[in-house]
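Visitor: Please find one structure pasted underneath; my questions will follow.
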There are 6 protein chains.
Amino acid sequence: MPLEQLRAYKPALTKLPDFDAFWSESLEELAQVPLRYERTPFPYPVKGLKVYRMFYEGFNHSRIEAWLALPESSQPLPGIVQYHGYNWAWDNQLLDTVNLALKGYAVLQMICRGQQSESVDNVVSSNGHVAGWMSKGILNPREYYYRAVYMDSVRALEVLRDLPEVDGDRIGVTGGSQGGALTLAAAALSDIPKLALSDYPYLSHFERAIDVAPAGPYGELNEYFRRHSSDPRIEERAKETLSYFDIMNLAPRIACRTWIGIGLIDEITPPSTVFAVYNHLSCEKEIGVYRYFGHEHIPAAIIPRLQLMQDVLGS
Amino acid sequence: MPLEQLRAYKPALTKLPDFDAFWSESLEELAQVPLRYERTPFPYPVKGLKVYRMFYEGFNHSRIEAWLALPESSQPLPGIVQYHGYNWAWDNQLLDTVNLALKGYAVLQMICRGQQSESVDNVVSSNGHVAGWMSKGILNPREYYYRAVYMDSVRALEVLRDLPEVDGDRIGVTGGSQGGALTLAAAALSDIPKLALSDYPYLSHFERAIDVAPAGPYGELNEYFRRHSSDPRIEERAKETLSYFDIMNLAPRIACRTWIGIGLIDEITPPSTVFAVYNHLSCEKEIGVYRYFGHEHIPAAIIPRLQLMQDVLGS
Amino acid sequence: MPLEQLRAYKPALTKLPDFDAFWSESLEELAQVPLRYERTPFPYPVKGLKVYRMFYEGFNHSRIEAWLALPESSQPLPGIVQYHGYNWAWDNQLLDTVNLALKGYAVLQMICRGQQSESVDNVVSSNGHVAGWMSKGILNPREYYYRAVYMDSVRALEVLRDLPEVDGDRIGVTGGSQGGALTLAAAALSDIPKLALSDYPYLSHFERAIDVAPAGPYGELNEYFRRHSSDPRIEERAKETLSYFDIMNLAPRIACRTWIGIGLIDEITPPSTVFAVYNHLSCEKEIGVYRYFGHEHIPAAIIPRLQLMQDVLGS
Amino acid sequence: MPLEQLRAYKPALTKLPDFDAFWSESLEELAQVPLRYERTPFPYPVKGLKVYRMFYEGFNHSRIEAWLALPESSQPLPGIVQYHGYNWAWDNQLLDTVNLALKGYAVLQMICRGQQSESVDNVVSSNGHVAGWMSKGILNPREYYYRAVYMDSVRALEVLRDLPEVDGDRIGVTGGSQGGALTLAAAALSDIPKLALSDYPYLSHFERAIDVAPAGPYGELNEYFRRHSSDPRIEERAKETLSYFDIMNLAPRIACRTWIGIGLIDEITPPSTVFAVYNHLSCEKEIGVYRYFGHEHIPAAIIPRLQLMQDVLGS
Amino acid sequence: MPLEQLRAYKPALTKLPDFDAFWSESLEELAQVPLRYERTPFPYPVKGLKVYRMFYEGFNHSRIEAWLALPESSQPLPGIVQYHGYNWAWDNQLLDTVNLALKGYAVLQMICRGQQSESVDNVVSSNGHVAGWMSKGILNPREYYYRAVYMDSVRALEVLRDLPEVDGDRIGVTGGSQGGALTLAAAALSDIPKLALSDYPYLSHFERAIDVAPAGPYGELNEYFRRHSSDPRIEERAKETLSYFDIMNLAPRIACRTWIGIGLIDEITPPSTVFAVYNHLSCEKEIGVYRYFGHEHIPAAIIPRLQLMQDVLGS
Amino acid sequence: MPLEQLRAYKPALTKLPDFDAFWSESLEELAQVPLRYERTPFPYPVKGLKVYRMFYEGFNHSRIEAWLALPESSQPLPGIVQYHGYNWAWDNQLLDTVNLALKGYAVLQMICRGQQSESVDNVVSSNGHVAGWMSKGILNPREYYYRAVYMDSVRALEVLRDLPEVDGDRIGVTGGSQGGALTLAAAALSDIPKLALSDYPYLSHFERAIDVAPAGPYGELNEYFRRHSSDPRIEERAKETLSYFDIMNLAPRIACRTWIGIGLIDEITPPSTVFAVYNHLSCEKEIGVYRYFGHEHIPAAIIPRLQLMQDVLGS
């Protein structure tokens, strides 16, 4: 799709009538979970910085791992929650957290449940799924994997805001790919963030993604449908479930300032699926378009993002 | 490794002192689960055959899906439990079950928990894992994914034996790859099977598999270790866990007649890992070696397997 | 091509004026070959089933190998001729034959001449060809490889009908890919079949196949044309030859009930080439469309095919 | 295999007792075919050169296509027969022939029967084979494809010698890959050549080639054996057939001056298979070893080959 | 793009107002370099041919390597300058030169500066570049790599014309890919050539090439732009530089007879970029279109090219 | 090579007698170039940090681009020079520089001449080369590309030491791949560095690298040799040139504390080539070995490197 078409591409939303009710209930269920967390100092050989390994109580009372880095400061700090990419967590997942904290922010990185490390994925699904997490619980929105993850993402914001070192009125969210989706989901489902910086967000415009990106992680959905070809109702039910989690459907709920970045040769989160989100945003927004980049680190996006952090959150 | 070396390749077992105790406890835990199952006729357009969709209560009281096919017979039937390959279940997973049943056997195919379809994977792991199931719960043998699956495999045998149409003294187990591993695990952990037919078994000789087969599903382990490189104790603990589930360590427990097939250009379950199992078997045994085959359907293995079924189980 | 377009896609036929005359002559030439065959019992370790290795006299008096499997029955059996895929024969090519026979059919599988095994390819071509069979004899319809194969396919039906165990009024044909093409060719050129079940048929709508599927076996044609680029008349002559064998051109001759299956991501026999055949069928017909499948085993197609066999042929 | 090992690598010959008798009979059978050929001028826009399209009567009375190029000369010309690579013929296969002729030689290029173009492959095999020619007739040395091709190669020499423009005492043979094998076969089976220039010869040391080069054209043999895995006698018979055609076994018969070229990263005709031939040569011989080349055009080999032609054949 | 569209495809030229002035200045700068060359006999084992290694003074007084081959002749010879492909020079780059000379031409092959061998690339660029030569000096037309190469190409013609053995009124230019571009550039910038034979010319219609051929050598430009994404003026400046060198923009300057060859599946120099040049030619012209060929040797193009040489240049 | 062998792998050095003289002369030549640099503030949206774009006069008076980042500090800062990977520079190459500076170091990143960006590669080579820089000037050590780059690397240290904000006694060097090689080269050729941190260094043990890593950038050498196969003296001369630049030969000159990191599945800079360097170091040294990593970011290496910086340089 050429850029001009992308700029105008705004497919119809696919949300069902109870879309908002579903999320209200989910947030209420989250609210039942007490705000609890613990942090342990983690020795890190850099002066002027405190690093903590953290666990907080997430959705369904799960134990969620996070990393926290705080620059020394006599003032309350602006804060940022980071979300990592799909299947992209490592032990000592500290590098980005530390590097961003050193720029003057209290940074908390949530580790997605089940994806390596120690966050516990405690929602048992009534169905099997394709290897990976994309189809886990897909036959029931209440069991779908990302319901818990979206709620964990909101809770991460609540934890960060609760820290004594943090100025709760200056909090942002950021991440790329799955992290970019969680960034937007958190901005849609929580009023804490004042800024959302989302690199090539995933989990968006599923209907099209299945057609144009079967070779990437969206392809887990293709594989799921493929393995349930005998009964067309399975695919229908799964697509209904996905509609609740489609970032495109959540986009209109976002109120804070939002920046999205996308490379025009991205084959993992194709530009059309990203513009579909962007064009449904009604908040103050910008999009960074990178002609020669795919789903990868984009150097030219660094300064604009840092500038926005500084402008909106201070530092 | 040339064939002559393979025939002599017998690496030291890696089992820990409480290996047998671990399995005794696990079997006792399974024994606490009542033998419960239900079957629903599934319309299948073939005369002389009854097909059922089945659910039984598996390890940890999980709901396990299975398929059952019974040829019409006035006599008690010999029975066979089938186990499918890793990440290789489909809806209406009937084809092999039906085709084997038509050869005169009561055939029950277990669907591995969590792997598509409807078997419920209800063991919550305290840790995250790599996409797939190979590292789920890997830091604790009691939480490891395959503990439940091995026990479900034993229970499948108990279910089949319990059926009124089946002659419980003439039951075999079969499968390829993951299914080949479950075949051998079931034969090692249950005294029901009189015959085990295992095509290129997986889950064997992990220490070597990690070195020689990182491009296949064993590579999930490499990926797990890779993502936990900061702390060498993680890899140690994971390998301890794996030792309980290594088919090579279970091999000496197998008492029934056993046949194993392996292709010499198999890169998924390399021949050395398979001979490591075979050479540790002390039961009556044979191995089918196929010079020009990899991890795939091997036509020349069909008749020998059918012949063994007929010879050992009757039909 | 989106599905809606496929359903309406009906390119003009490419047959030349003497198309029907060509096939009449070919059938007459076949009729000159006496109906001769022999069968030898082949030991197969399954009760209630007789398996035979068979040779029959095919087109040009060639010796054609086949496999025959007959379930025990006191009644005349419905019969099915199976045709295998291109370059896809093996020794002891029995599995599918046996498995179908056990469902209540007398099944005969023809081995295509020259393609491994023992069927003799005795038509000498005046020209060389690309490795493979697609361009063998392509400069002359009377020498083209598939002329003999189509006639062998018809003869296979005559042999099956001639067997004392078979009810000649209840015979079907089936196969996938090349086998799917032979299925339709046999149904077009013989009045024996009452049912044709064709998975993703090959050898259809060559003009388009050359453009859209050069990476698969159709690409032998591209390679042939490529190697004869100096003289455009060669490509013209070759395409004229192909027109006689294009299943699309044979489609209107089919009178029996016909089912075709196709996956929408099939890159070997692209959906457009298959719908081109289907949309030219004037018989009673159905098409199974599988959104997430390529040129491969399609589990969801099994039951519909078995159901049709039972409905049309009985069992 | 490091170069020092290659230089000493001399595996045992595999020829059977009737090896020489087999070739004597074959040559006698060839001698029954009358020496017949025709040539038609082929317009070629280069002065001082005559080009002809040629057909000669080959083994089994087949019609073999060839190209002939003759530089204008008042003297009898030295002559060279060229053989092309496996599956590597094109229409107007003139380029190499013309370019060599312009260097002062009467050049005749034989087109291998069946491999594109118009040479007729008229030996009917009693068995099927893998796509390609490597296993055609492989169960019987008298039916094997290369028996006819080797004999056609000898006949090409007889034709060239018979031309009035040619000095029959100054004839050489050359080619690469399959052409390199035919070069050596012709030098072994005919006393006409005074010089053999063979680039990376194919068809040599089959036993090892099957093990180390299954991804190239030798892999047709692997595929053949793979498809006949049920009965080990098939592979034995096929290997017996191959022993008659193994260039390594023919090498000791070569009497003329011989040059062989081989690249050390050749994966199609691995260096070990080529040194196996070279080390069995007892004639005057040289080998060009190219460290950084595979199965491809090797610029550094051009001048040495031309120099040898000039030295041995004159020009 | 289908062939009919290609035949009509004539995108707007992109040249800037000082385009012709730029080239006049460049040619004047070249004219300041004295016509100097030396040749050393190179022993080559072919009678009737003289081969020389040559060095001439190129643009910016660089030392440019060339090969010269002259057939023995008592008459002045028609001459041809050959240009090789991008990154495609070898030591003893003689084969094509010798083979063409033997057809009756004085042939000089220029080795592109810097691309292996011994031509000295002596223009120092003020900027870095992507590995390769495509972006060397790209921010300034006076520094751009191809400015010197185009001028060296013109000088090669002047050298050839200056040779006593050559008839300066019968000189042609030829080459493929980069060599095809230099062929056309030389024909546009020098009035020496009477014939230009260009196989699949490179360096044409850059704007489109970047979009459709990023996987080939044009992709060096994509990579350059990609690495300079922060400042859009860089890409603008680079594209301005490229406009001076775009063969499409030079096409209207060509006055001599011109033949271009292109394969329709060429992915290196896509047909649309080649037709863009062709359709802007106003000289006497022909195009050879090869349906089944990519960026490779095209046998069917040989005779037409030789015929044109003979017709236009004599031989 | 298994790890135990690697730990003992110490091939003979390949340096020629004038090795040290060569470098003394080169350093003297560098000393002739005045220490000159300029810096321009570069706006960067992070508080407490100053960023500059810098140019300094490098070897042969070239203009070398660099980036400089300085944390605010009232004390002289420890300093670090960073070198980037081969062919791995980007515009605004700031990310690593900024992130390291924020940890308390004055960081200067040198951009390698010619490799994108604006460092001028002003050594004209008398020979052509393979695309890339590995063979530029390879026939003469004084012209070889890396001579200038090694000297630029030393000069970068001199520039950093000269800055008023920097404590010249606490300077380190770091980089990965090519940057790891420059790190070690700078530590061998300058006494400024007190610490060298080198990730998987490139440019080491060329003789072996050519054999085991032809698919990576070392393969430019293979390609160069390949294209100069006619004259073996070319390869000899090139290897002599390389011996001056082989990090293995420079290793014994390093006196400062040195850490090297290497992944055991690194196919770009194979572990054996890295251990060859390490085992020739006579300074205080450590090696980080990562079993499951290739030539890529290694999370587990971050903290050890930062710890060493803090321990040796302070921060």
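Note: Cβ is positioned from N, Cα and C throughout, glycine not excepted.
Automatic prediction, not curation, is the source of TrEMBL annotations.
Marked as active site, nucleophile by TrEMBL: B:Ser177. According to TrEMBL, the feature active site, charge relay system maps to B:Asp266, B:His295. The substrate binding site annotation in TrEMBL covers B:Tyr86. According to TrEMBL, the domain 'Acetyl xylan esterase' annotation covers B:1-300.
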Visitor: Looking only at C-alpha atoms, tell me how far B:Asp266 (active site, charge relay system) is from the residue listed as 'active site, nucleophile', rounded to the nearest Å.
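Guide: So the Cα of the residue listed as 'active site, nucleophile' lies 11 Å away from that of B:Asp266 (active site, charge relay system).
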Visitor: Average the pLDDT scores across the domain 'Acetyl xylan esterase' (B:1-300) and report the rounded value.
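Guide: It averages 97.
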Visitor: Quick check for the class: what is the C-alpha distance, in angstrom and rounded, between B:Tyr86 (substrate binding site) and B:His295 (active site, charge relay system)?
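Guide: The Cα atom of B:Tyr86 (substrate binding site) is 12 Å away from the Cα atom of B:His295 (active site, charge relay system).
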Visitor: What's the CA-CA gap between B:His295 (active site, charge relay system) and the residue listed as 'active site, nucleophile' in angstrom, rounded?
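Guide: Between the Cα atoms of B:His295 (active site, charge relay system) and the residue listed as 'active site, nucleophile', the distance comes to 8 Å.
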Visitor: For B:His295 (active site, charge relay system), what is the tally of other C-beta atoms lying within 10 angstroms of its C-beta?
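Guide: Around B:His295 (active site, charge relay system), other Cβ atoms within 10 Å: 21.
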Visitor: Near B:Ser177 (active site, nucleophile), which residues of its own chain have a C-beta under 8 A away, given they sit six or more steps off in sequence?
Guide: B:Gly85, B:Tyr86, B:Trp88, B:Asp199, B:Tyr200, B:Pro201, B:Tyr202, B:Ile268, B:Thr269, B:His295
Visitor: If you count Cβ atoms within 10 Å of the Cβ of B:Asp266 (active site, charge relay system), leaving out that atom itself, what do you get?
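Guide: If we count other Cβ atoms within 10 Å of B:Asp266 (active site, charge relay system), we arrive at 23.
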Visitor: Reduced to three states, what secondary structure does DSSP give B:Asp266 (active site, charge relay system)?
Guide: coil
Visitor: Among all the protein chains here, how many other CB atoms are within 10 A of the CB of B:Tyr86 (substrate binding site)?
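Guide: For B:Tyr86 (substrate binding site), the 10 Å Cβ neighbour count is 24.
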